[in-house]
Amino acid sequence: MARSLASWNVDIGWHAQASCVGEDPELFFPLGETDTAAAPARTGCRRCPVLNDCRDWAVRHGETDGVWGATTPSQRRALRRAVLAASARALLEQAAEQQSP
Ligand code: SF4
């Protein structure tokens, strides 16, 4: 089933400024995850004033489908892994500091 940001009834403040509101949902949820399939949506995202908010939201919420903030699902998975790794490193460093005399 095709979705669009405009049809979602969730509290995401940046949504009101999303430049994809009213666009064809199929553009942002292309079949397949190839760069070619995602290119038109990613091009549109790069002109969107809420690109960073959108991308961060999708990464934080583990959005598995579609183009969000000019990223594909595989790009978001990589970002999520990087964020989790950085968080784990920070926690380990904090724990080491607390244990040092
Ligand atoms: S960054 Fe892309 S998907 Fe996100 S709100 Fe803007 S146009 Fe829509």
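Glycine too: its Cβ is placed from the backbone N, Cα and C atoms.
Residues or ranges marked as domain '4Fe-4S Wbl-type' by TrEMBL: 19-78.
Here the Cβ of CYS48 ([4Fe-4S] cluster binding site) has 18 other Cβ atoms within 10 Å, regardless of which shown protein chain they belong to. The [4Fe-4S] cluster binding site annotation in TrEMBL covers CYS20, CYS45, CYS48, CYS54.
In the predicted structure, the domain '4Fe-4S Wbl-type' (19-78) carries a mean pLDDT of 93. Shown are the binding-site residues CYS20, CYS45, CYS54; the one with the most C-beta atoms within 10 angstroms of its own C-beta is CYS54. The [4Fe-4S] cluster site, placed at the center of the C-beta atoms of CYS20, CYS45, CYS48, CYS54, has further neighbours from the same chain whose C-beta lies within 8 angstroms: ALA18, SER19, GLY44, VAL50, LEU51, VAL67, TRP68, GLY69, ALA70.
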